[in-house]
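This is the structure, below, for whatever I ask next.
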Amino acid sequence: MSLNSTAFSHPPYFLLVGIPGLEEEQFWIAFPFCIMYAIAVLGNITLLLIIKAEPSLHEPMYLFLAMLAFTDLVLSTSMIPKMLAIFWLGSWEIGFLACLAQLFFIHTFSSVESGVLMAMALDRYIAICYPLQHSSILSVQVVVALGSLVLVRGVLLVSPFCFLLCRMPFCQHHVISHSYCEHMAVVKLACGDTKVNVIYGLFVAFVVTGFDIILISLSYTMILRVVMRLSSTEARLKAFSTCASHVCVILAFYVPGLFTFLTHRFGQSIPPHIHIMVANLYLLVPPMLNPIVYGVRTKKLWDRVV
């Protein structure tokens with residue numbers, strides 16, 4: 001009995017099916033995904049190089065933007081190459097440890113992205129509500145400290161996912177109905193008691209997303225109050241314009257993310273292919289859109305590009 005449980009507790013590999021229900025169409029779906037990934041990589045690397053090369057861009061807003069670009073590169077690269085291998089080459093197998101590594105990077109850097117968006121909202125709040133103190137409140141050291149805290153938070157909160165999964169028996173269930181190793185998709189394969197995994201997963205989601213969304217909402221509420229008091233219409237429009245790109249990025253990240261999270265737990269009636277497509281786009285659309293949105297809407301960056 002113990003030999004069997006040992007043999008089944010750590011399967012040598014899992015099988016990633018890609019998009020359940022769209023196996024025949026996956027070959028063609030991979031082409032737009034590949035184009036989106038190429039745009040994401042090119043755009044975010046360009047953003048990082050521009051910010052690094054231009055001393056005038058070494059300000060809080062652009063340093064946070066560089067953090068966002070780096071996070072997007074890690075996030076999309078953790079998922080897309082393996083996904084394309086599944087769609088184009090039929091390479092469904094992923095080793096147990098490789099699956100845990102992919103899971104770790106995807107969830108850690110999703111948390112980091114959320115934290116950076118929250119930090120960017122605080123930056124906008126200080127820039128608009130306390131413009132004269134902005135540079136002294138958000139010094140380079142403070143920006144680096146905030147970025148480090150966000151990264152450490154992600155690592156500390158996500159690491160237990162991997163340790164908990166290592167302790168779970170998986171029996172004969174090796175097929176993951178997903179395009180990548182996602183925590184709840186892997187937990188569903190376990191044949192032991194998964195209550196701790198589910199509760200901890202909910203805890204992390206509420207701690208990270210809940211905390212960040214509350215701070216972002218408070219920041220923009222305060223910004224709105226200050227902006228509406230401005231007497232000049234031109235000044236109001238300028239203030240709204242500086243926040244517009246950040247709001248677009250926030251919506252592109254949180255809307256599909258919340259849809260994916262809620263579908264895993266409460267959306268049994270939603271077709272699997274819809275759920276998995278949104279989950280894929282959740283990790284692909286923001287990395288592609290972020291450099292475009294900020295590059296087009298931010299004059300300093302646009303001037304450097306052209």
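From the backbone N, Cα and C atoms, a Cβ is placed for every residue, glycine too.
What TrEMBL records for 43-294 is domain 'G-protein coupled receptors family 1 profile'. What TrEMBL records for 27-50, 62-88, 94-122, 143-170, 198-227, 239-262, 274-296 is transmembrane segment.
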For the transmembrane segment (62-88) and the transmembrane segment (274-296), does the number of C-beta pairs under 8 Å, pairs 6 or more apart in sequence, reach 3 or more?
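Checked: the transmembrane segment (62-88) vs the transmembrane segment (274-296), in contact.
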With contact taken as 3 or more Cβ pairs under 8 angstroms (pairs 6 or more apart in sequence), are the transmembrane segment (198-227) and the transmembrane segment (94-122) in contact?
yes
Please identify the stretch among 94-122, 143-170, 239-262, 274-296 with the greatest number of Cβ pairs below 8 Å relative to the transmembrane segment (27-50).
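Selected stretch: 274-296, with the most Cβ pairs under 8 Å.
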Using Cβ atoms and a strict cutoff of less than 8 Å, what residues sit near the transmembrane segment (274-296) while being 6 or more residues removed from its termini?
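18-20, 22, 33, 36-37, 39-40, 43-44, 46-47, 65, 68-69, 72-73, 75-76, 78-80, 83, 106, 110, 113, 177-180, 182, 245, 248-249, 252-253, 256-257, 259-260, 263-264, 267, 302, 305.
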Over the domain 'G-protein coupled receptors family 1 profile' (43-294), what is the model's average pLDDT?
87
